[in-house]
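First comes the structure, then the notes that go with it.
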Amino acid sequence: MLSSIAHVWETASSLNEPSSEEKYLGQFPVSFGAIAPFMADLDTTDGRGNVYYREDSSSDVLQLASDYIKRGFPETAFDPSSVVIVTWKLVAPYQAPGEDHTLEEKRNTFQAVLASSDSSSYAIFLYPEDSLQFYSTHSKNGDENIPAMVGFSQASTNYYFWEKPGAYNVIANDEDSIRNLHKSSNAGKQGVWVFEIGSSSDSIVPAKISSVLESLEANEEDQEMTSKPFMSDYGSTEITQQYITGSTDSTEEDQHLVTYSVPHPAAEDFLTSYQDVTETPSTESFYSPQNFPTAKAPPRQFRIQQFPPQPPQVIDVEEFDETGIVFRYHTDVQQTCANNRHQCSVHAICKDYPNGFCCSCIAGYKGNGRQCVAEGSPQRVNGKVRGRIFVGNNPVPVVFENTDLHSYVVMNQGRAYTAISTIPETLGYSLLPLASIGGIIGWMFAVEQQGYRNGFSITGGEFTRQTEVTFLGNNEKLVVKQKFSGIDEHGHLTISTEMDGRIPEIPSGASVHIEPYTELYHTSSSVITSSSSREYTVTEPERDGVASTYTGAYQWRQTISFDECIHDDSHHSAPATQQLSVDSVFVLYNRDEQILRYAMSNSIGPISDGSADINRNPCYTGTHNCDTNTVCRPGAGNRFFCECSIGFRGDGNVCYEAEKTKCQHEREVALGSGGAFFPRDVRVGHFIPQCDEYGNYLPTQCHSSSGYCWCVDRDGNEIDGTRSGPGVRPPCLSTATPPVVIRPSVRPDTIPLPPGTHLLFAQSGKIEHVPLEGNNMKKNGAKALLHIPDKVVIGVAYDCVDKMVYWTDISGPSISRASLHGGEPTTLIKTDLGSPEGIAVDHLGRNIFWTDSQLDRIEVARLDGRQRRILFDSGLVNPRAIVVDPVRGNLYWTDWNREAPKIETSYMDGTNRRILVKDDLGLPNGLTFDPYSSMLCWVDAGTKRLECMNPNQLGRRKIVEGIQYPFGVTSYGKNLYYTDWRRDAVVAVDRTISLENDNFQPHKRSRLYGITTAFAQCPGGHNYCAVNNGGCTHLCLATPGGRTCRCPDNTVGVDCIERN
C-alpha cells in the first residue's frame, strides 16, 4: 500500500519519521513533515497505477517551473536551481475485500513539483481535467471511508514530557473542494496551485489571487466546465475563501476572509447586479504570515472560477511503462486528442502534435476533419434568409424575415441547386443577377482538381462570409452576410443569410443570363478573400413582339473567415491561390410560387484562361456519366471510372443507398424523381416496381399498362414460367425474410470454423487480440490491438460487418470504437453516463446495447452513438454483462446484485422482460451467446462456475467448477474463453468434455476484463431490421419474427414514427 504523500525530510532534530499508515491516515496535521497533493491510502499493486519521481535541472523544466511560480507570485524574482517532479499516474484507492467494484475502477492522476533555489522553495500542485475520480478511501481500522486531504504539515517538536504539533495548512479535505481542484486555481490557471514553502519565514504562503478576475465573459469552455446553460446577463456572486493553517498559539479570532467577484449566470431572484462586499482585509494582509486563521476554522471551499485562455504548457514526466511513451501533463487539456476527440467527426482520426491536435477525415470522406462527408455523396443545405433591400429608386425597402433557403448539391459534378422561397415579386426578379448568393455553396462542393481543395475541404462548412456587391453605373451597394454552422443532427449543412442595401431594378417577367466566369480565391491564415467583376444580360418582356436586352455589371468582393488547424502542415497543402470556374449558370424566378432559383456547375483548380478545358479529364469538368451517388476517379488522359460513394452500392453507373433497397431505388428511377428543382414526367407504359413497406419486392409484380403479372425472387428477377396473361395474378411466394424457427442446438464440435477469427480482450488501458486457428489460440501471434492510456476499458464488442471494435470506459466515462484496420479511436458517447460496463453489438440492426451499473439502466443507440433510448431503468441494481441474439431478436444481461443476483432476458425492443436464472448464482460477471449452437453461457465469480443453457429449454449444465475469479466470457467453436482476475489470463475450456485445455497470459500481468470473439465472417441469419432499417424512421429493434420501430429519447422537433 502507498499513501499519496510526499515527505519532506529535514535535518533538524525535531523531525519525526512517519508512523504506520493506519495511525496517520485520516489525521491532519501529522507528526512528520509532509507535502500532500492528495493524501489518501492508495493501491498500486497488480499494475494499479504507478508513482514516478525524478530530480531535473534541465533549462526547459527550470524555466517552466519558474514561469508557474512567477504567475502566482508576479513580484518575485525566482530562478530555481533544481526541480523535483513527482507524478501519481492512474493510482487506485485502497478497498477492503468485497467492496463495490465501481470504486475499484476509479483512478487518480496528479503531480507535485518542488522547485528550489539557494534562498527559497516553492511547491506546484497540478491536477489535469477530470483526473480525480475518487475522493476518499476505505479505512483499515473500520468500515468507514476516510476523505482525502490536500495540504502541508510541519513536523512536530518532541520535548522531554510532551510533543508540540507543527504548523499546518489544509487546502482541501472534502469531496466538493477536492472535486474542484482541477477547475480552480490560486495562480490564475485552472488546475495549477502554487505555494511558497521555504524562505526566511517558516510559513506556507499561497499564491496571490487578484481581487477581481479579469475575464467576465463566459465562453463555451466555461459553460461545459460548470455544466450551466449560457445566459447573456451576468451578475456577480461573493465567494468567500477561508485558508486554514494552524499553530498551538493561534486563536479562533485569527480567522480572515478574502472575497472577490466571479461571473455567475443571472437568476430571476438576483435583486442587484453585485452583492455588497464589506469589511474584508486586503489580499496582502490576508497572506501575511502573522494573520493566518486558526486550525479550528472550517475547511476552505473552492468554487468554480473562470480564467482567460492561456497557451498550452507541458511538464515532461517519466516514461510510461515499457512503451516508451512520455506522459505529459497539459495545463491546457483542450489541446490534446484524449480530451477532444469528440471535436472530430466520427469519420475522422485525431492526431496529436507538439502544440495541439488536428482532425483529418478518413479515406473516402472529404472535409476539414471536424466535419466530414462521404466523397461523391449528394449534399443538402438548409437555412434562413432575412433582408432589407431597396430596389431601384423606391424609397421603401422590401423587408423579409425567416425565409427558407434549401440547396441540393450533386457533389461529383460540382453542381449546386439553390432555392429561396417566399421572395416577393417586387424583389425576386431584381435578385436574379446575384447567383453567387447560392454560389458560395457551389464553391464549397466544387469538383477538386488534383492538388486543389474546395471550400468544404478547407472549412468543413464552418465559416462566416461577408460580401460587398457594387453595381457599376449607379453605384448601388448590397452587403451580404452569411454564416455556415456545419452539419446538423439530420446530416444537413446549415446557413443563415442576411442582406442589406440597394440593387438595380429588373422589370417583372424579365429573364437574366450569366456567362461562365472564373474567380480567384486567396487563402492566408484562416482568411480567404476574392474579388471579381461580372456581367449579366437582362432580356425584358416582349412589347409589341420585341424583347429589348441590356447588359449590367457589378463588382464582387468577399471575405471568408474560418478556424483552421495550425498544427498540421498538410492542412495547408493546397496552393494559396486557387481558381474557381463556374459555368452552366441558370437563374429563375417563379412569380406564382415566389421562389428564386440558382443553379451552377463549379470546379476548382489552377489559374487558367479556360482554353484547356477541352483536354481536362471529365472528372474535373463534371462531364462524366457517373451516377449521382458516385465518386469519379480520373485515369490517364480522359479515362475515368465511377465508384459508388460510401453508403451506396452498385456498379458505378447505377448506385443506390445501402439503407435504401434495390426495389425502392428502381421505383424512384422509374417514377422519374429528378428532385425538387427540375421534376420529370413519368413515361407512359413504363414498368414501375412494387415494393412492400420494408422495401422488399412484392412477390407478384404487374405491368400497369399491359396487365401482365409474374413472380419475382428477392432480387426482383422474374421467375421463369410464372408470367400470366392480362388480369390473371399467379400465386407467388413471399420474398421477405421468414420468421425465425427455433431448432435443436447444434453440437459445437461439428461447426466448421472460418479462418481469420481472433479473440479481443480488455486489459485496463489496452485492447489485445489473440488469433485463433481452429479451436486453438495462436499465442505467438498475440499483440496489443489498441493502446488507450489513462482509460479503464471494461466491456468489448465487435461488429463483424464493418470490422469495428466497440468498448466501454469507466474512467471517462465513455463509449468508443475503432477500426481493426487502423486509425484513431472515436468517442461515440460521453454524456449522461455513470459506469458503462457491458456492451453488445447487433450487427443486423446496426445498434449497440450497454449496461450502466451506476445509473442502473440499460440503453440502446445506433452504432454511431446517435438516437439513444433507455430500455430499462428499473429493477436493476448492478447490471454488468449484456449480449444479443440478433437473429431471434432476444437480449440477455446479468445483474450481480449481491442480495438477488439474476440473469434476465427480453426482446430487443425491451418487451417481454423476464428472469431467466435466479437460483444458485453469486456474482454473474460474464455472459456470452453462441450464435451457432444457440447456447447461453456465463461465468460466476461467486459460485466459481462456468455454466450454459439453451434459453428455449429448461435446465442448465455446469461446464467447469472451482475456477478462481472469472470476469468476462466468450465462445467460439467447441471452446469457451474466459478472463480470470486471479490468474491474469485468458482460459480456454472445451465445453464438450468440460475440461480446461489452454490458457494465455499476456506479457504484462494485470487484470483482464471483457472479452469477445471477432468473427472473420458474420454468423448466418437475418432479421427484419437488416433490410432498409426495417422501414423505421429511427431505431429498429428486432423481436422474434418481427421488429419494433422506436423513437430515441428527447426527440423534440424530430419527425419519428413508432410502430410494432
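The backbone N, Cα and C atoms fix where each Cβ goes, and this holds for glycine too.
The disulfide bond feature in TrEMBL is assigned to Cys702-Cys709. Taken from TrEMBL, the feature domain 'NIDO' covers 37-200. As annotated by TrEMBL, domain 'Nidogen G2 beta-barrel' applies to 377-614. Look at TrEMBL and you will find 615-656 tagged as domain 'EGF-like'. Residues or ranges marked as domain 'Thyroglobulin type-1' in TrEMBL: 660-732. Per TrEMBL, repeat 'LDL-receptor class B' is recorded for 803-845, 846-888, 889-933.
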Original post:
How does the model score the domain 'Thyroglobulin type-1' (660-732) in terms of mean pLDDT?
Top reply: 69
Subject >> Cβ neighbour count within 10 Å of Cys709 (disulfide bond) >> reply: 19
**OP:** Six or more residues out from either end of the repeat 'LDL-receptor class B' (803-845), which same-chain residues have a Cβ under 8 Å from its Cβ atoms?
**Re:** 102, 105-107, 130, 133, 337, 341-342, 344, 346, 348-351, 362, 760, 762, 767, 785-786, 788, 790-797, 851-855, 861, 863-865, 868, 879-884, 886-887, 891, 893-894, 908, 927, 1010, 1014, 1018, 1021-1023, 1025-1026, 1029-1030, 1036-1038, 1043
Original post:
What same-chain residues, at least 6 away in sequence, bring their CB to under 8 Å of the CB of Cys702 (disulfide bond)?
Top reply: Gln690, Tyr708, Cys709, Trp710, Arg729
Original post:
With DSSP, how much of the repeat 'LDL-receptor class B' (803-845) is helix, how much strand and how much coil, in residues?
Top reply: 0 helix, 23 strand, 20 coil
Subject >> DSSP-derived helix, strand and coil totals, residue by residue, for the repeat 'LDL-receptor class B' (889-933) >> reply: 0 helix, 23 strand, 22 coil
Subject >> Counts by DSSP class (helix H/G/I, strand E/B, coil) across the repeat 'LDL-receptor class B' (846-888) >> reply: 0 helix, 23 strand, 20 coil
